[in-house]
Amino acid sequence: MLLTQSYFCIMSMLGTLARLGLTALNTYPGAPFSGLLWVQFVGCVIMGFCQTESVFFPRPKHNATFLLAITTGFCGSLTTFSSWMLQMFTGMANLDPFERRGRGYSFLSVVSDFMVTMCIAMSSLIWGKQIGKTTGQWRIGKVAFAWPIPAHTHIVVRVLLLLLSICFFVGAAFYTAYTTNVTHRGIGFSLIFSPFAALTRLYLARFLNSPQYFIPYGTLCANVFATLLLSIMYMIPQITHCTPVSRSVMYGIQNGFCAVLSTLSTFSNELHTMPIKRAYIYCIISVAISFSICVIVDGATAWGHGYTEKY
């Protein structure tokens, strides 16, 4: 159990850093699409790769903890369902007073965002599965470029991983407490909240994602609750004045807790492995409930009260 938690602590923080970095790197004036799309693409490719790879993990049952940390921990923290829902809402809401558009374009914005993201997620997942099947051919002559990872973790390695996860977490906490850079403080809070969100998602999946259930209720609950909390955290600084520290905390909750608690890579993998009828029902329920939450929480505030503060 401690080994699993150590893996998840490290992987969730690395996934959060990778998501923030990829999003920032691909967010620039004139970008052809949102930086969040690259995050979903990379996470789903890695998720698909780990599903079919047989050289690095020749005995999946013995490497189950490490595989779980990569797929559920890293990929689940890298991709995000709640931020996608909020992005769909902000694209539809038409809140920019200087670039008003017709209601029909708002509808097209929602449809476009949904279709493009789902197509990228599913196709990249399948592509990752195809790449995973080729690892046995990663060689030039007799030189192989893929080696099996040890199936059993030595007790010394387990202790080192536990200490590393503690040091990583404590280091992020101390840096967040003493830094004066607002951006760094927000990223620090994101790192602090991410392990708690990843472990919450893990235990929700263990208790509520039984094959006996019609749909994976654990992933559904994680995605819906994360979307609800993200909508609230996005709305608060838009309607009331917040101190720089409180804004950093809310930024950390949005990008550390909510974005990590929700996941698109696991969601896409579940859709790919489920029977077609159940997959469509699961997808419709997840998107409809989550997007409705964004509309109710943020839409009612934006169109009724109005956003008076610049976030």
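In case you wondered, yes, glycine gets a Cβ from its N, Cα and C as well.
Judged by Swiss-Prot topology annotation, Leu3 lies across the membrane from Ile239. Where the transmembrane segment (66-86) meets the stretches 30-50, 107-127, 155-175, 187-207, 213-233, the count of C-beta pairs under 8 angstroms peaks at 30-50. A C-beta separation below 8 Å, combined with a sequence spacing of at least six in one chain, links Asn181 (N-linked glycosylation site) to none of the other residues.
Looking at the topological domain 'Cytoplasmic' (1-6) alone, the prediction's average pLDDT is 75.
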